[in-house]
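As recorded in Swiss-Prot:
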TOPO_DOM  1-22  topological domain 'Cytoplasmic'
TRANSMEM  23-43  transmembrane segment
TOPO_DOM  44-116  topological domain 'Extracellular'
DISULFID  CYS54-CYS300  disulfide bond
CARBOHYD  ASN63  N-linked glycosylation site
TRANSMEM  117-137  transmembrane segment
TOPO_DOM  138-264  topological domain 'Cytoplasmic'
TRANSMEM  265-285  transmembrane segment
TOPO_DOM  286-312  topological domain 'Extracellular'
CARBOHYD  ASN301  N-linked glycosylation site
TRANSMEM  313-333  transmembrane segment
TOPO_DOM  334-795  topological domain 'Cytoplasmic'
REPEAT    535-556  repeat 'LRR 1'
REPEAT    558-578  repeat 'LRR 2'
REPEAT    582-603  repeat 'LRR 3'
REPEAT    605-626  repeat 'LRR 4'
REPEAT    630-651  repeat 'LRR 5'
REPEAT    653-674  repeat 'LRR 6'
REPEAT    676-697  repeat 'LRR 7'
REPEAT    699-720  repeat 'LRR 8'
REPEAT    722-743  repeat 'LRR 9'
REPEAT    745-766  repeat 'LRR 10'
Amino acid sequence: MIPVAEFKQFTEQQPAFKVLKPWWDVLAEYLTVAMLMIGVFGCTLQVTQDKIICLPSHESRENSSEAPCQQLLPQGISEQIGGLRELSGLKNNLDLQQYSFINQLCYETALHWYAKYFPYLVVIHTLIFMVCTSFWFKFPGTSSKIEHFISILGKCFDSPWTTRALSEVSGENHKGPAAGRATVTTVTTVGTGTGKVGEGEKEKVLIEPEKVVTEPPAVTLLDKKEGEQAKALFEKVKKFRVHVEEGDILYSMYIRQTVLKVCKFFAILVYNLVYVEKISFLVACRVETSEITGYASFCCNHTKAHLFSKLAFCYISFVCVYGITCLYTLYWLFHRPLKEYSFRSVREETGMNDIPDVRNDFAFMLHLIDQYDSLYSKRFAVFLSEVSESRLKQLNLNHEWTPDKLRQKLQRNARGRLELSLCMLPGLPDTVFELSEVEALRLEAICDISFPPGLSQLVNLQELSLLHSPARLPFSSQIFLRDRLKVICVKFEELREVPLWVFGLRGLEELHLEGLFPPEMARGATLESLRELKQLKVLSLRSNAGKVPASVTDVAGHLQRLSLHNDGARLLALNSLKKLAVLRELELVACGLERIPHAIFSLGALQELDLKDNHLRSIEEILSFQHCRKLVILRLWHNQIAYVPEHVRKLRSLEQLYLSHNKLETLPAQLGQCFGLRLLDVSHNGLRSLPPELGLLQSLQHLALSYNALESLPDELFFCHKLRTLLLGYNHLTQFSPHVAALQALSRLELKGNRLEALPEELGDCKGLKKSGLLVEDTLYEGLPAEVREKMEEE
């Protein structure tokens, strides 16, 4: 016996693979099982029963030319009915071994090969059919993709997010009709995900409305774990799509195995139809065995001929049906564009218009899935939709960022407003809009922000920062923010990415923009019109502009502070500055300036000027600052200024002068005539001495001389009795004057990094100077008298 279980490895496949088997493959599979049973049954009979039984022929030698067994054929019987002889039996004088020998010899020589090997051929051909059908499920290059696809498909089908997404869309589509019914509640079927309700369910709702209303819909429940699983599914689908759409090995393999089955079908059909008649019940056998048996002619009976002929015709019938399925498969493969798959019907049904069409092997597998159940493709499409993914991300964000967690991040910013700062999130949590106490919202590196209508709940919002965070603002929210928002900071790689709605916030007081102009637009430096910003007082622009944007003049009547940071790009045209009549503060930082622009001298209301980090070498134009009668703060730091001209004495109103990080070696004596000066910073230069005239600065409160080459200080310096901060660190001082006792207001003194051997005892007379305000080496401090140290350490 041949156990059928031995053939399981050819027929058994993973149950999950059934989703990739269309009806013709299923039919072909059953046909192969039937053909295999025919072959196994025939082989079993062939092995367990006698194959052939032979008897010697007693014909005369005169009739030796006639075929043996002729008299046993049906036509012989009909012709010789009248001439039958009555026989009482013949003795052959053969023993059992001779009969067995003759049977085997005639089986091998006289019986046609088709009759001998028919059942084996059936088994072999059927196994080849099975291998061809399941080869792409076993071949490593295709099976890995199929297994991965089926794994993802099953998870997508069973995911609670699929049901929720389809149900939400269904609810939106039926929202209108349902809203008009006061007594009928629509129930969404979770199992199918289609959002349709059967007639029986509708009747139940009509009969028991109270019961339906009290039960919350299951589709609205999605816990955090399920949300994370759905998020992982989206990533898997994306990577799988990119991987599978690259080639068409699955499509090609399926075509090849189908073509091979068709060719084999024709070959089997032809030779079976030709040789099936070779299966006969009586077989004439002529062998030269007269010396052994005494006979050379035998008449043999093929015992299974009758059964084999019936099995052969049955097998041919199954093969014909099998071949028809293969031909239909070829028609289906070449008649339809199987390398392209459109989700058009799914988009129309679900309303998810962003579901993309797919191609190559991905499309082919989806076509096969549709032959099994189109619901699989519909539910799988949910994970191809970016809208669906964004909804899921939003839901996960809301789970992760609860209102209590967001409140823990609230803190006061530099402007004193209660600020919520969020950085590098996949989206903006809806729970943000539940914090009505938020006054400032800072969003950094958050992709594709879309402000919902819930923005109107932030009634105290006055400041908004968008740092590399593109944001869409609906019209209703624009109206809400138009008169409410006071400060907005926007930062992008390029300024053209700045949302246009920013320039329509008419209540805005401060606008901070950061981003580069494209190289072809940098020279023109065109900025959106600022005419709508009627309340704008502060404008900050960090870019690579070649000139001051012309739109700055749109706010010339009320702009009070302008800051231009050019990141080293040279600012060539500044004529637009002349129109800023009420400008109080001007910053031109890293603008590549080599001279002080003349346009600045036209700003009569200017109070503060910052020219930090430019290429200024000479400041002879400083004389023209006398036209800026209100100028009180001048910052010329981080340049290459080698000297200060004597005209500095003309700046009578100047209160703060910053000249640090330059190349100064001396200071003019005329600097002492700036009697209103309160702060002077000349640190990080190359000063070797100070003019005694600095003692005339009776209003001076802060003097920074650190990181120079000073070897001594003029005694006149200690006439500045209002001096509170004196920074002398990292110079070449060898001694410190005892006249420091005259500085009664001194509260901070830096002497670290000099060549001092001792500190004067008079430091104890500086009533405002404490140990915390004295920056000096520990050894020098310990060298002070104990009573001086005790006095300085008193609270």
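In case you wondered, yes, glycine gets a Cβ from its N, Cα and C as well.
The shown structure was predicted, so the numbers you read here are calculated from the model rather than taken from an experiment.
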Sparsest-packed among the disulfide-bonded residues, when each Cβ's other Cβ atoms within 10 Å are tallied, from CYS54, CYS300: CYS300
Residue pair CYS54 (disulfide bond), ASN301 (N-linked glycosylation site) - Cα distance, angstrom, rounded: 6
Neighbour tally for ASN301 (N-linked glycosylation site), based on other Cβ positions within 10 Å of its Cβ: 16
Remote residues contacting the repeat 'LRR 4' (605-626) - C-beta distance under 8 A, at least 6 residues beyond either end: 581-596, 598, 632-642, 644-645, 647-648, 650-652
Secondary structure content of the repeat 'LRR 8' (699-720), with strand meaning DSSP E or B: 5 helix, 3 strand, 14 coil
Intrachain neighbours beyond the repeat 'LRR 5' (630-651), with Cβ under 8 angstroms and 6 or more residues off its ends: 584, 604-620, 622-623, 657-668, 670-671, 673-674, 676, 681
Residues from the same chain, set at least six apart from the ends of the repeat 'LRR 9' (722-743), whose C-beta lies under 8 A from its own: 683, 698-713, 715, 749-763, 765-766, 768, 775
